[in-house]
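**Student:** Structure in structure tokens, see below.
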Amino acid sequence: MSLVSMKEMLNEALRGKYAVGQFNINNLEWTQAILAAAEEEKSPVILGVSEGAARYMGGFKTVVNMVKGLMEDMNITVPVAIHLDHGSSFEKCKAAIDAGFTSVMIDASHHPFEENVRITSQVVEYAHARGVSVEAELGIVGGQEDDVVGEGVIYADPKECEELVKRTGIDCLAPALGSVHGPYKGEPKLGFAEMEKIRDLTGIPLVLHGGTGIPTEQIQRAISLGTSKINVNTENQIAFTKAVRELLAKDPNVYDPRKIIGPGRDAIKATVIGKMREFGSSGKAAQ
């Protein structure tokens, strides 16, 4: 199957009351693991690519060609979107789209509201003309992820969310409602009352960033309140690192990179399968 935009898969998730996982990729093995999990689970999947990860892998075009090649060689039949995570500017989003990304996030949340609307509208106009879906953000998600640093959580304002959606025509919205990038200190406290209000005011799929470490019952409640996309990265990083460390501790003389990285790839696949089942997306690509 060819790459698709996120729009239809997220609208279907919203109607079906489940969420599609965005799992960030960092190299070939991460991409293999996530695609293999999606195919095995018959789940739609979103491959998230941060600007930092794209630079690490060689650039937007390299990433797109790698994903397309793997999808062909692995006989992937489920819907796959390749999504720019936290695009920092119109120019970065345009470069990703021109390289073949099927979805982009423009993160202008650190700008004043009117500037956020202006930049987001510019991205939507360019993206939609090319069949590419757009995610935007309001408020501040705490923690740190690659080039994105949010010192503390600032909740999104529901009325601003409604206005942003109406004025820009975005396909999904990531309102900051208590989640953070990276590990949580203590138990997460998501703003479910605000989430429900934003769902009712906007009517579009909502996105939960910082999905690692949020208890299953909170994940399920978020999905019931319109969250249709959940981002996971830290959990895969931890699983990968744990597997590689265990291998090296067991056999410090190993030097074949495939033997070192392989267990990490397997750990990511197992983690992603668990998340797909938790989010309710398993089996949805077969319907």
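Using the three backbone atoms N, Cα and C, a Cβ is placed for every residue, glycine included.
So Swiss-Prot lists the following for this protein:
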type	residues	note
ACT_SITE	Asp85	active site, proton donor
BINDING	Ser50	D-glyceraldehyde 3-phosphate binding site
BINDING	His86, His181, His209	Zn(2+) 1 binding site
BINDING	Asp107, Glu137	Zn(2+) 2 binding site
BINDING	Gly182, Gly210, Gly211, Thr212, Asn231, Val232, Asn233, Thr234	dihydroxyacetone phosphate binding site
MOD_RES	Thr212	phosphothreonine
MOD_RES	Thr234	phosphothreonine
**Student:** Select one residue from Ser50, Thr212, Asn231, Thr234: among these binding-site residues, choose the one with the most other Cβ atoms within 10 Å of its Cβ.
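**Tutor:** Neighbour-count leader: Asn231.
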**Student:** Among the binding-site residues Ser50, Asn231, Val232, Thr234, whose Cα is within 10 A of the Cα of His209 (Zn(2+) 1 binding site)?
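**Tutor:** Close binding-site residues: Asn231, Val232.
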**Student:** What binding-site residues among Asp107, Gly210, Thr234 are found with a C-alpha within 10 angstroms of that of Asp85 (active site, proton donor)?
**Tutor:** Asp107
**Student:** In three-state terms from DSSP, label Thr234 (dihydroxyacetone phosphate binding site) for me.
**Tutor:** helix
**Student:** Mind checking which of His86, His209 has the fewest other CB atoms within 10 A of its CB? They're the binding-site residues.
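**Tutor:** Fewest other Cβ atoms within 10 Å, among the binding-site residues His86, His209, is found for His86.
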**Student:** Compute the C-alpha separation of Thr234 (dihydroxyacetone phosphate binding site) from Ser50 (D-glyceraldehyde 3-phosphate binding site), stating it in Å without decimals.
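**Tutor:** Approximately 13 Å lies between the Cα of Thr234 (dihydroxyacetone phosphate binding site) and that of Ser50 (D-glyceraldehyde 3-phosphate binding site).
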**Student:** Distance between Ser50 (D-glyceraldehyde 3-phosphate binding site) and Val232 (dihydroxyacetone phosphate binding site) at the Cα atoms, whole Å?
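**Tutor:** That separation, Cα to Cα, works out to 12 Å.
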**Student:** Let me know the DSSP-derived helix, strand or coil state of Ser50 (D-glyceraldehyde 3-phosphate binding site), please.
**Tutor:** strand
